[in-house]
């Protein structure tokens, strides 16, 4: 029989290894966060693009080089887009993107502008590029932030973007790179890691993994087209995948459902399973080592293509319709 002291503490005395039988019905639910960091990222990307187009001022520059064609949507004034032969994505010039922080290997390594590893993820090559990335951000990021909160999702987004920039700089030297694709692929990688490390709480596991892998594979295949920086995609995905094991671990099914089980049924007192801790430890080590080695190689001026002669095919595969240059 429960004593008065037991009632005031909210339940009866528990027997080790047994599901408690609380005096008051209780369900162990998870907090649902109100997303705000993803909308902030969304607005920030759009704001930076508007600033980029203002700084670009196409009419003031194309008048000096008429052979390049006329600005697109001239009614927008200085916000009009570069001629299609210069930028088919309806955006600014390469010179403007470089000036505002695009990822350029020469400037990062020899001019000590490491800040470009982060600034480049806020720039976009054009309206089409921006719209595609922002729709992906809202579709993927909002739900993740509702489940895991702004700190973890914000960290995955930013660190994955950095990881994409580092890998990109190791393989691509002669082209500029911009966009949030690395950060977005990081969110996809984190989703896959979260599914694997929290395997016990999901139903239809095979279908979920297959669907997610299919989405990732399609996007990576599209990345082998010319003018698409697939190394940023791969670097962001791998970074987010490892981060997912570290920061998105959730209690296993038995622990989450312990109060919904019949009173007196055997249950575990462990909140997380051994394999979850093991995955977290391995992922954390790989993440730290990967960033340390990558940064060291980058600022030492190493060319990763020398160590991996076939890796350039991961970003562009030459065909009869196009060629690939680095």
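Heads up, the Cβ atoms here are built off N, Cα and C, so glycines get one too.
Residues or ranges marked as compositional bias 'Basic and acidic residues' in TrEMBL: 1-17. According to TrEMBL, the domain 'Peptidase S54 rhomboid' annotation covers 112-249. Taken from TrEMBL, the feature region 'Disordered' covers 1-23. The transmembrane segment annotation in TrEMBL covers 33-55, 121-141, 153-172, 178-199, 206-225, 231-251, 272-299.
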Stretch of maximal Cβ-Cβ contact with the transmembrane segment (153-172) [cut-off: under 8 Å; candidates 33-55, 121-141, 178-199, 206-225, 231-251]: 231-251
Stretch with greatest number of CB pairs under 8 Å, the transmembrane segment (206-225) reference, 33-55, 121-141, 178-199, 231-251, 272-299 candidates: 178-199
Per-residue pLDDT averaged over the domain 'Peptidase S54 rhomboid' (112-249), given as an integer: 91
Secondary structure content, the domain 'Peptidase S54 rhomboid' (112-249) (per DSSP, counts of residues): 108 helix, 1 strand, 29 coil
Positions whose Cβ lies under 8 angstroms from the transmembrane segment (272-299), at least six residues beyond its ends: 108-109, 114, 163, 166-167, 169-170, 193, 196-198, 200, 238-239, 241-246, 249, 251-252, 255
